[in-house]
Structure formats: structure tokens, C-alpha cells
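According to TrEMBL, the features are:
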SITE      Arg15  site 'Transition state stabilizer'
SITE      Lys22  site 'Transition state stabilizer'
SITE      Arg159  site 'Positions MEP for the nucleophilic attack'
SITE      Lys211  site 'Positions MEP for the nucleophilic attack'
Amino acid sequence: MSVVALVPAAGRGERLGYGMAKALVPVNGVPLLVRAVRGLLDAGCVQHVVVAAPPSDVDTMCTVTASLASAGGAVHVLAGGAERTDSVRLALEYALREIPDTRIVLVHDAARAFTPAEVIRRVVEAVESGEPAVIPVLPMADTVKQVDADGRVVATPDRAALRVVQTPQGFAADVLLRAHASGVQATDDAGLVELLGLPVTTVAGHANAMKITTPFDLAVAEALLAGGSA
Ligand code: CTP
Ligand code: MG
């Protein structure tokens with residue numbers, strides 16, 4: 001049985017503003033994609049990684065990840081799609097077509113390059129124990145308001161019942177395939193599983209699994225590395 005990690009890395013990184021695919025932006029000389037793929041393989045429970053690259057960066061992403069494949073894991077690179085959901089669907093279809101016995105699928109943003117191995121293992125273990133969909137989460141630090149189109153507050157959800165969602169999200173392969181068959185666009189694959197009416201369960205995430213979106217986030221990642229905590 002194979003655990004396959006799909007890594008959507010086909011975004012343009014516009015909010016980071018480096019003028020290149022965010023996954024290729026280096027932190028201390030090592031591209032985010034390399035850190036993310038290495039983290040998945042080093043967790044010891046992932047046999048294949050499928051990277052969805054911007055079509056113009058497929059060759060570059062092949063080159064930078066080539067040295068990461070080992071006896072314990074293989075790396076595949078293909079062209080992603082226009083939206084994140086398209087990239088995930090293309091990588092999933094590739095995995096189900098090309099990788100024998102794909103039973104568990106993780107979806108892990110290249111932008112969450114500093115996710116600790118313990119989070120990856122928790123997600124895989126929960127899916128292995130029979131959960132159809134598993135997401136790593138953190139408690140909310142801030143109060144959250146729901147507002148209307150004019151920015152007027154309409155509700156204050158109970159913060160204690162809210163969670164921030166990270167990746168990798170883990171799924172039984174057939175469940176993720178059904179979820180993506182709907183063709184709905186979502187920033188969150190677990191949301192598609194919820195639409196099927198199937199249970200989604202949570203495990204503990206980690207602050208280091210933050211998504212690098214803005215220059216501020218990149219500065220935080222650099223500080224984590226400099227301080228030895230990533
Ligand atoms: N992603 C993807 N295919 C797309 C769009 C996004 O595979 N068409 C990936 C990104 O590469 C990233 C993850 O989905 O790893 C989360 O997306 P986001 O953080 O929004 O990254 P970007 O789309 O690159 O950034 P921006 O929205 O600022 O352009
Ligand atoms: Mg984006």
C-alpha cells in the first residue's frame with residue numbers, strides 16, 4: 001500500500017512578490033519546494049511525492065527535486081492547473097494512473113515548507129486507522145467576526161469552537177477522488193469531502209506548518225531557521 005503526497009506548487013506567488021513561482025523562492029539558499037518535498041520523504045511514511053508545477057517550471061522543479069528521491073521515496077513532477085483545485089486534481093489523476101496501489105493520499109502545499117515530521121505522521125496514522133479525511137489544525141488566537149458586504153459585524157462565532165487549518169490533509173484515495181469529481185473550486189480539499197457528507201477529523205497541527213504567503217511570513221521562516229527551531 002502506497003502513501004502518496006500531492007504537492008500543489010503551481011501558484012505564481014503574487015503576494016510574495018518575488019516575480020517567480022513561490023515554490024522556487026529560496027530560504028537560506030534552499031527553495032521552498034525542496035524543503036517541503038524533503039520534509040515529506042524524511043517523515044518516513046510517504047513513498048511517493050507528486051509535484052504540480054507551473055507549466056513553464058516543470059523542468060526546473062524536476063531538476064531541484066531530483067536529488068531528493070531515495071530508496072524510500074520517489075518524486076514525480078507534472079504541470080499543474082489554473083487554480084489550486086485543478087493542480088490537486090491533475091496530481092491525483094496522475095497518482096491513480098501511474099502509481100500502483102495508491103491507497104492514502106496527502107495534499108500538502110509547497111508553501112508549508114517547514115511542517116514538522118510529527119504532523120505528517122499524525123495525519124497518515126489517523127487515515128491508516130480508518131478515518132476517510134484528516135486535517136491538522138490549531139486553536140484560534142484571535143477573535144473572529146462574520147461581516148456583511150458593507151463590513152458591518154453580523155456575528156461573533158465562539159472562538160473555542162474554531163480552528164485554523166493547515167496541511168498536509170490526508171484522505172483515503174477513493175474519498176479524495178469522489179470529492180474532486182464535483183468540479184467545485186476550493187482552497188481546502190477537506191471542504192470538498194464535507195460536501196459529500198463524510199466525516200472530517202482533526203489532529204494537532206504545529207505553528208511551523210504556517211503557510212508562507214507574504215514577505216512577513218518569509219521573514220518569520222528565516223527567523224525560525226536562524227533560531228534553530230525549523
Ligand atoms: N497552487 C497550485 N496551483 C495553482 C495555484 C496555487 O498548485 N494554480 C499552490 C501554490 O503553489 C501553493 C498552494 O497552492 O503551494 C497554496 O496557494 P497560495 O499560497 O495561494 O500560493 P500562490 O498561488 O503561489 O500565491 P498567490 O496567491 O500569492 O499568487
Ligand atoms: Mg494563490
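Cβ coordinates are placed from backbone N, Cα and C, and glycine is handled just like the others.
Locations of recorded TrEMBL features on the structure.
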residue	record	CB count, 10 Å
Arg15	site 'Transition state stabilizer'	12
Lys22	site 'Transition state stabilizer'	27
Arg159	site 'Positions MEP for the nucleophilic attack'	13
Lys211	site 'Positions MEP for the nucleophilic attack'	15
Among Arg15, Lys22, Arg159, the recorded sites whose C-beta sits under 6 Å from ligand 1: Arg15, Lys22
Inter-residue Cα distance where the pair is Lys22 (site 'Transition state stabilizer') and Lys211 (site 'Positions MEP for the nucleophilic attack'), in Å: 11
